[in-house]
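Undergrad: My structure is below; once you've seen it, I'll send some questions.
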Amino acid sequence: MSGRSVRAETRSRAKDDIKRVMAAIEKVRKWEKKWVTVGDTSLRIYKWVPVTEPKVDDKNKNKKKGKDEKCGSEVTTPENSSSPGMMDMHDDNSNQSSIADASPIKQENSSNSSPAPEPNSAVPSDGTEAKVDEAQADGKEHPGAEDASDEQNSQSSMEHSMNSSEKVDRQPSGDSGLAAETSAISQDLEGVPPSKKMKLEASQQNSEEM
């Protein structure tokens, strides 16, 4: 209970303080600064003077002040509303700037995306290079086979040439042998009777035909 009573006292004190402040504000509202002449002299002083107008005028003034305050608040509210509008404009500008900032980012992304296919295109090129290398390696291997085949062909051609040369050598040797045989036979025929010469010539012709 003590806590509640303390709270009630503080509330009542606060209310009293608020009332005093409001009364002081009302008194101040009843005062205003004016140029006032001092006594019978011509001196004029600008100081706070209580309002000397009747209460009706005070009420009207208070109403006018309230209206002015409302108008001022309304004027301030458009300013506030305009300030949010300006904030919106700033937001739009910031959005535009962010979009402008994002557009270079997009351009960078597009530029990054465009180099990205280049590695991909480079990969096929690497593949083609690998294929070319493989083809070259195969070509290197195949040329070995081709060299072997060329060697075989050359060997076969050499063999053919050797065989042909041997045949050629054999033919002249055969011809020379035949010539020697014919010469020997002719020499033999010189000391042989004509009947035997005919037989030998016939045998030579048969051997030549064979």
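In case you wondered, yes, glycine gets a Cβ from its N, Cα and C as well.
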Undergrad: Among S12, S121, S195, S203, which is annotated phosphoserine in Swiss-Prot?
TA: S203
Undergrad: May I ask you to name which of K55, K106, K167, K199 Swiss-Prot has annotated as SUMO2 cross-link?
TA: K199
